[in-house]
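Now, the feature entries from TrEMBL:
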type: DOMAIN; residues: 1-100; note: domain 'NADH:ubiquinone oxidoreductase chain 4 N-terminal'
type: DOMAIN; residues: 104-390; note: domain 'NADH:quinone oxidoreductase/Mrp antiporter transmembrane'
type: TRANSMEM; residues: 21-41; note: transmembrane segment
type: TRANSMEM; residues: 53-70; note: transmembrane segment
type: TRANSMEM; residues: 82-101; note: transmembrane segment
type: TRANSMEM; residues: 107-129; note: transmembrane segment
type: TRANSMEM; residues: 141-160; note: transmembrane segment
type: TRANSMEM; residues: 180-204; note: transmembrane segment
type: TRANSMEM; residues: 216-239; note: transmembrane segment
type: TRANSMEM; residues: 245-266; note: transmembrane segment
type: TRANSMEM; residues: 273-295; note: transmembrane segment
type: TRANSMEM; residues: 301-322; note: transmembrane segment
type: TRANSMEM; residues: 369-390; note: transmembrane segment
type: TRANSMEM; residues: 422-442; note: transmembrane segment
Amino acid sequence: MLKFLLPVIVLMKFKNDWSMIQMSLGLISYLVGINCFHNMYMYSLGFSLGMDYISFIMIYLSVWIMYMIFIASNKVKEMNKFYSMFVLVNLFLLLSLMITFSSLNYLLFYISFEMSLIPTLILILGWGYQPERIQAGVYMLFYTLTLSLPLLGSLLYLSYSECSLVILLMKPFVSDNYGYMIWYFFSIMAFLVKLPMYMFHLWLPKAHVEAPVAGSMILAGVLLKLGGYGLIRILIVFQKVSMKFSWLWVSISLLGGVIISLVCLRQVDMKSLIAYSSVVHMSLVLCGLIVFSWWGLMGSVVVMVGHGLCSSGLFCLANMVYERVGSRSLLISKGLLSFMPSMGLWWFLLSVSNMAAPPSLNLLGEINLIISLISWSKLSLLGLAFLSFFSASYSLYMYSLSQHGVFFTGLYSCSSGKVREYLVLFLHWFPLNMLILNVNLVSGV
């Protein structure tokens, strides 16, 4: 594992050399990619770190998105906004994410899970756009910390009762009395906030809207996946209890997904709309994980990867519009098809990928999730039908409102897009649509 972690630590020494950091991260993501493990065994890599297939995919996604963040955030370098500190914060975030995804010990997992919160907060407070970023940062901090304290208590009690916190040695609890139920809720809540589940999602749109493009990309691309990954790891212990409550999570997620889709349809802020659409996608992921079926797990992992690439690309696009127009409002930045014609294609490609059109990974994952949910209960078909319909409608709404119409008269001609920006969008879109050719790479089967 050190051959992945050490380069990131070494890169922190070169924090003043922007182009070197970009190239090195591209090289690291290439090396992580060719180091692909082709079976589902846990590879122990020393220092209580190790990887199985799911954590390998998540580490690959983290490094890939961090590489694209440095290409997309060129404005930080151009305007000299403390870019060496920016590099340092991002690399520290990448390091904590890699440790989180590859830890074999629940306590180490918890510590690095919380550690990733600090650099994200610094990104939002340091490089955000508006004074409201302080409120957004506080929302994010308190939502995450309040409900992750019970998780620490539950892990310490787990260590006391089982005498070990190694993930591989955990055996499922067979009892399901009230004590175990409280323990289960204590353990699971921190991850539900991170996902975020409907009702615990209020920090997400705030954080996304106020964050710089780097913060938005890493938040949508990887940090939301921490919740899903944590659930995969912790639900092993609470299988019996979780079966009793699966109806609760599934019904909240489906109902919440439909409500949030309707909320999406009345957003005027571009970033806010994309942030709310993340809640809809992750509610489906929660449903898939909680019903304990192989289809559900596979679909969840695929949707997590697909959503990470897709919404990260959409945030990139929103930032490109913001840099030119100076506003995130859909009322001002409309008619972009005549303003930036060649960007229209990328808007279209990423919008339809967001609503799970073929050949994107989102389609594959959502088919798997729909199969797993319908085999769990026929009644969920009703919620899924509304969810699929509205998720298509808000994607089309976002595309048509931003691209069509007469553009704002205060705007004057500007660059339709630099090669750097097209490269970032291509690197989001290409894996999102090409990985479906070899599903084994993503689904871990």
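Cβ atoms here come from the backbone N, Cα and C positions, even for glycine.
Values in this document were obtained by computation on a predicted structure and should not be read as measured data.
Taken residue by residue, the domain 'NADH:ubiquinone oxidoreductase chain 4 N-terminal' (1-100) breaks down under DSSP into 73 helix, 5 strand, 22 coil. Contact check: the transmembrane segment (245-266) against the transmembrane segment (216-239) gives fewer than three Cβ pairs closer than 8 Å, residues 6 or more apart, which falls short of the contact criterion. Counting Cβ pairs closer than 8 Å and at least 6 residues apart in sequence, the transmembrane segment (369-390) and the transmembrane segment (273-295) reach three or more and so form a contact.
Counting residues 6+ beyond its ends, the transmembrane segment (301-322) has Cβ neighbours under 8 Å at 54, 57-58, 61, 65, 68, 72, 208, 213, 216-217, 220-222, 224-225, 228-229, 270-271, 274, 277-278, 281-282, 284-285, 288, 328, 333, 336, 340, 343, 346-347, 350-351, 353-354, 360-362, 364-366, 368-369, 402, 417, 421, 424-425, 428-429, 431-432, 435, 439, 442-444 in the same chain. Confidence annotation: the domain 'NADH:ubiquinone oxidoreductase chain 4 N-terminal' (1-100) carries a mean pLDDT of 87 in the model. Residues 106-107, 110, 113-114, 117, 121, 183, 185-187, 189-194, 196, 200, 202-203, 237 of the same chain lie 6+ residues outside the transmembrane segment (141-160) yet bring a C-beta within less than 8 angstroms of a C-beta in it. Tertiary neighbourhood of the transmembrane segment (422-442): same-chain residues 36, 57, 64, 67-68, 71-72, 301-302, 305-306, 309-310, 312-313, 316-317, 342, 346, 349-350, 353, 358-364, selected by CB-CB distance under 8 Å and a gap of 6+ residues from either end. Proximity of distant same-chain residues to the transmembrane segment (216-239), defined by a Cβ-Cβ separation under 8 Å and at least 6 residues beyond the stretch ends, is recorded for 54-55, 58, 61-62, 65-66, 68-69, 72, 90, 93, 97, 100-101, 106, 109, 113, 116, 120, 123, 158, 167, 170-173, 180, 183-184, 187-188, 190-196, 204, 207-208, 271, 274-275, 278, 282, 285-286, 289-290, 292, 297, 300, 304, 307-309, 311-312, 315-316, 318-319.
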